[in-house]
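Written below as structure tokens is the structure these notes are about.
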Amino acid sequence: MQPVQILTLVLLALGAWAAQESTEKAGYCPDFRQVLLDRRDCKQLCNDDASCPQNMRCCQRGCSWLCMNTTQEKDGLCPVATSHSSSSEEQQRKQLCDKTCKTDLGCEGKAKCCASSCGQTCFMPVKAKPGRCPAVTGICPEKKSWFHTCQRDDQCKENKKCCSSACGRRCTNPFPEEYEASQDESTLLAL
């Protein structure tokens, strides 16, 4: 093969890889409650959303990565319930106890169905922090414990986002929004 042909193939492969990296499907991975895990049962059946068929996403379940059907939720995050509520916030919560729900679709407008002291009720969502979580690579080492230090962005200090890692969800410095756009542009320029 000529060097020009080899270079062209390499650039095409890199372009396809970069495009695959940025593919994220709509919807969310279903909630998962961690139980004791036998690490011998760990499986990596997908690497990212692009490796899953149709609308399925690559979701972490314990130490395994599986293609799963997503849950459809409204934008934003449920607010974190605090024990130090002001009287006006407490009054608002009591009013909301009359508006129970099962899913986001049961709430009017932009409100989300969130856990509260009176069950599932409708709340106005908290916005996710800007930026993009880094891609998850590898699997959690056998000797390292697997756990979440956060569930949502609003539980992370400063600009950090709550992102998946090989060993659970952690507060992480995100890539800026422009990072994804500049990667797409460089891929197009390379082709």
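Backbone N, Cα and C define each Cβ position, glycine as well.
Feature annotation from Swiss-Prot assigns signal peptide to 1-18; the stated evidence is sequence analysis. What Swiss-Prot lists as domain 'WAP 1' is 22-71, and the listing cites sequence analysis. The disulfide bond annotation in Swiss-Prot covers Cys29-Cys59, Cys42-Cys63, Cys46-Cys58, Cys52-Cys67, Cys78-Cys114, Cys97-Cys118, Cys101-Cys113, Cys107-Cys122, Cys133-Cys163, Cys140-Cys167, Cys150-Cys162, Cys156-Cys171. Feature annotation from Swiss-Prot assigns N-linked glycosylation site to Asn69. Taken from Swiss-Prot, the feature domain 'WAP 2' applies to 72-125. According to Swiss-Prot, the feature domain 'WAP 3' maps to 126-175.
Counting only the Cα atoms, the space from Cys46 (disulfide bond) to Cys59 (disulfide bond) is about 8 angstrom. A mean pLDDT of 83 is what the model gives for the domain 'WAP 3' (126-175). Proximity to Cys122 (disulfide bond), defined by a C-alpha to C-alpha distance within 10 angstroms, is shown by the following disulfide-bonded residues from Cys29, Cys52, Cys59, Cys63, Cys97: Cys97.
Non-local neighbourhood of Cys42 (disulfide bond): Gly62, Cys63, Ser64, Ile139, each in the same chain, at least six residues away, with C-beta under 8 Å from its C-beta.
Fewest other C-beta atoms within 10 Å: among the disulfide-bonded residues Cys97, Cys101, Cys156, Cys162, Cys163, that description fits Cys97. Here the domain 'WAP 3' (126-175) has, by DSSP, the following mix of helix, strand and coil residues: 3 helix, 13 strand, 34 coil. Cα distances from Cys97 (disulfide bond) to the disulfide-bonded residues Cys59, Cys67, Cys162, Cys163 are smallest for Cys162. Just so you know, of the disulfide-bonded residues Cys29, Cys52, Cys67, Cys107, Cys140, the Cβ with the fewest other Cβ atoms around it within 10 Å is the one at Cys67. Same-chain residues at least 6 positions away in sequence with a Cβ under 8 Å from that of Cys78 (disulfide bond) are, in sequence order, Lys112, Cys114, Ala115, Phe123, Pro125, Val126, Arg152.
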